[in-house]
Structure formats: C-alpha cells, structure tokens
C-alpha cells in the first residue's frame, strides 16, 4: 500500500517538475530563428551553391578533365570536353543537378584548376525539379572566386600550340637530363 502511494507521489513530482521546466522555457530567449526575418549565421567554411570561376585573364578555368564528375558520390555532374584552336580544353557543356547534389565538396577538392568552388549561397528553392539543373551559363561567374591570382596554364606548364617549352610564365627551361650523367 505504501509502495503504491510512494509511486503516486513520485509520478506527481515528476509531472510537476516537467511542467515547471516547460513553463520556465517560455520566458527564455528562443533557440529557433525565424528565417526570413532574421539572418542565418553561416560558418566560414559553409558549403553551398557550386559556381565555375574564371582565371585572371577572363578565360574559364575548367579544362574538362572530368575529375569532378568522377569524385561526385551521387553523380550529379556531367560535362563534355571540347578543344580550342590553340589546344586548350574547355567544357562544351557543364551540367549540375542540384536536386541530387549533397554539397559534400569533393568536386571542389578534385578540381586541379580550382574552377569549381562552393559559395555560401543556400537559397536555391524552385517549384519545378528541372529548374534545379544548372547549365554552364548559370554556373559561370565573372570573377576568379577564392583564388584570384591562380592560372592553371601558367602553373601547369602545359604545351600550347605555337609556344616552345620553357617559354611560358613561371616555367623554367627544360633540363637535358642526359648531360647530367657522369
């Protein structure tokens, strides 16, 4: 009998403690932000919408190496390589399906030219799913993005039609390795 009364007192005490806790939270600062009215805090390394950048000369950085599409775990990136008259590669089309993208950043890490960069933009809501498929024209921005001075063709030393090896900027003359042998 006393055990039964003890359980009732214990249960009532638990309920009263819960009610007091809920009531006290009514007067505290709210943790939930009302999004459109209050701005959202984004961490410095937040990964949002993907963009394609340009090099300092104004040319698009993407060389259509297809590493981003291979690194993408969900396969939302597709592109087709084309070549200019001087031998540079560029994407004939570059397509990202943002309805499948998980914003993991693996495409940004895989890109050797830093053409793909993730921005803190997260407002991409659309009424139709096909509007979330972005083409190259939608992704290409006018600026260099996070690396303003980087130019892949200056650093890589790739041969360009009409230029001998060793004549590009930041490229040393080729060394004849056989002359170094004893």
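Placed from the backbone N, Cα and C atoms, the Cβ positions cover glycine too.
In Swiss-Prot this protein carries:
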type: DOMAIN; residues: 52-82; note: domain '4Fe-4S ferredoxin-type 1'
type: BINDING; residues: 62, 65, 68, 111; note: [4Fe-4S] cluster 1 binding site
type: BINDING; residues: 72, 101, 104, 107; note: [4Fe-4S] cluster 2 binding site
type: DOMAIN; residues: 92-121; note: domain '4Fe-4S ferredoxin-type 2'
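Geometry remark: residue 72 ([4Fe-4S] cluster 2 binding site) versus residue 111 ([4Fe-4S] cluster 1 binding site), CA distance 11 Å. Compared over the binding-site residues 62, 72, 101, 111, the count of CB atoms lying within 10 A of a residue's CB peaks at 62. The local packing around residue 65 ([4Fe-4S] cluster 1 binding site), expressed as other Cβ atoms within 10 Å of its Cβ over all shown chains, amounts to 18. Cα of residue 101 ([4Fe-4S] cluster 2 binding site) to Cα of residue 62 ([4Fe-4S] cluster 1 binding site): a span of 19 Å. Across the domain '4Fe-4S ferredoxin-type 2' (92-121), mean pLDDT in this model comes to 94. Under a cutoff of 8 A between CB atoms, and with a sequence separation of 6+ in the same chain, the neighbours of residue 107 ([4Fe-4S] cluster 2 binding site) are 50, 68, 69, 71, 72, 77, 116.
Scoring each of the binding-site residues (68, 104) by how many neighbouring Cβ atoms lie within 10 Å, the top position goes to 68.
In sequence order, 50, 68, 71, 73, 74, 76, 77, 102, 103, 105, 106 are the same-chain residues whose CB sits within 8 A of the CB centroid of 72, 101, 104, 107, the residues recorded for [4Fe-4S] cluster 2 being left out.
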